[in-house]
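*Asks:* I'd like to ask you about the structure that follows.
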Amino acid sequence: MEQPRRWHDVFWLGIFLIHLVGLGLVLGVLGLNRFKQKNRLDIDKYTYRFMENEAGLTEDYWPLYAVAGGVGTALGWSWLLLLGSRATQMMKVSVHILTTYLAVISVLCFWAEQFFWGVAFAIGAALQFLYVISVIDRLPFTMLVLQKSAKMIWNLPEVRRVACAFMLVVLLWMALWSFGAAGVVASSIGDGGRWWLLVVLSVSLFWTGAVFCNTVHVIVSATVVRVTIHGGREAASIPGNPLMKSLQYALTTSFGSICYGSLFTAAIRTLRWEIRGIRSKIGNNECLLCCVDFLFHLVETLVRFFNKYAYVQIAVYGKSFNRSARDAWELFQSTGVEAIVAYDCSGAVLLMGTIFGGLITGTCSGVWAWIKWTDRAFMIGSTSMLMGMVLVGIAMVVVESAVTSIYICYAEDPSLIQRWDTEFFDHMSETLRQRLQHRSSRAREVLTLNHLESRMGEHSSI
């Protein structure tokens with residue numbers, strides 16, 4: 001019998017809801033002020049000092065955001081439909097083509113004399129290339145984990161339907177968000193003022209999108225763990241309609257924890273992947289290694305309190321976010337599974353797919369905007385890219401939920417994974433053994449080096 005769950009992180013739930021209502025009103029005002037009539041609400045009297053451009057109308061730019069929403073939704077649904085047959089191929093394409101796509105966009109930005117965006121995309125292409133090179137030896141194991149996770153999700157069509165439903169909910173919010181964003185783009189405020197307003201709106205959309213994605217994460221994780229524990233969705237011992245129970249908890253008692261974790265988790269995870277990739281390729285540069293090690297240990301400390309595995313603990317046990325993150329990390333540390341979790345790059349690969357989907361969405365809207373309004377194309381393209389990333393991310397998080405659930409189940413009771421897929425269990429166990437041996441050998445090398453340095457110091461002093 002499941003115990004009644006307590007509400008957690010209610011403060012962050014309140015902050016998110018207040019932010020949602022307040023921003024919704026602001027978006028409505030910004031869009032209506034330029035809808036079918038310039039300065040309908042007479043807001044320009046407060047911004048006349050910043051007027052530098054000719055004002056447009058909201059409906060001039062709103063269709064471009066509609067294209068972004070349509071393309072992002074089509075990409076997300078295509079991913080879910082092809083999950084069973086082409087998931088591995090799509091992930092490989094995302095990994096290998098993203099660098100090229102970023103480089104091409106960078107060249108086009110320089111050609112259009114948009115030097116800031118050209119440099120930004122060039123740096124993104126360089127970082128992507130360096131990261132892939134640094135983890136190239138991990139990709140075979142990563143692809144195996146993703147393949148097995150996709151297979152698990154394909155056998156649970158109800159969770160894919162949940163992801164599709166959440167995409168539609170996000171689209172409804174994006175209709176309002178893009179209405180306000182189109183009003184900002186159409187305003188007569190100078191480029192600097194419009195960019196700042198769009199940055200604020202983009203941060204809000206990022207948090208809202210992360211909350212929706214992580215809500216799906218919690219729902220899918222709870223369903224996957226229950227099915228794994230009971231030995232299949234057809235098992236007689238499985239509780240009735242586990243998906244609806246998971247949905248109920250995710251939208252009530254656990255929603256505050258989801259809002260709280262969504263603020264920080266994504267940024268910390270991305271920073272951790274980059275630092276790990278750089279750290280593995282530094283070599284013997286002691287000065288640079290010292291600086292990177294400092295950042296690495298700082299991020300590792302943050303990971304104890306903000307990690308994606310917390311959502312599985314929230315889904316299964318109904319804990320608060322920080323306690324869930326800490327318990328998940330301590331579970332990995334105590335069982336040694338953290339070695340294989342650190343070796344796996346599935347989260348980074350799925351993020352590459354999300355960014356690639358966002359780039360395609362931003363390109364479609366940006367090219368159309370460039371044909372009609374050259375000076376506002378990058379405003380529309382960059383915000384459309386974020387819309388595409390949110391929509392594609394909801395599809396990607398379904399597989400990521402299965403990955404995190406597999407690792408939590410393996411750490412708590414390896415026999416659950418063995419019963420589900422014996423061959424995959426053997427491969428995970430062998431990889432874990434190799435990673436633990438690798439860490440032991442690295443530790444012995446460090447101890448030996450420190451011992452030799454101390455001996456040399458003693459001889460030099462003599």
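Every residue number used here counts from 1 along the chain in the order it is shown.
Quick reminder: no glycine exception, Cβ is built from N, Cα and C everywhere.
Copied straight from TrEMBL:
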TRANSMEM  12-32  transmembrane segment
TRANSMEM  62-83  transmembrane segment
TRANSMEM  95-113  transmembrane segment
TRANSMEM  119-141  transmembrane segment
TRANSMEM  162-189  transmembrane segment
TRANSMEM  195-220  transmembrane segment
TRANSMEM  348-371  transmembrane segment
TRANSMEM  377-399  transmembrane segment
*Asks:* Mark yes when the transmembrane segment (195-220) and the transmembrane segment (348-371) have three or more Cβ pairs under 8 Å (sequence separation 6 or more) and no when they do not.
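*Replies:* No, the transmembrane segment (348-371) does not contact the transmembrane segment (195-220).
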*Asks:* Answer yes if the transmembrane segment (162-189) and the transmembrane segment (62-83) have at least three CB pairs under 8 Å among residue pairs 6 or more apart in sequence, and no otherwise.
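*Replies:* These two segments touch.
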*Asks:* Does the transmembrane segment (377-399) come near the transmembrane segment (95-113), with 3+ Cβ pairs under 8 Å (pairs 6 or more apart)?
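*Replies:* No, since the transmembrane segment (377-399) and the transmembrane segment (95-113) share fewer than 3 Cβ pairs closer than 8 Å, they do not count as touching.
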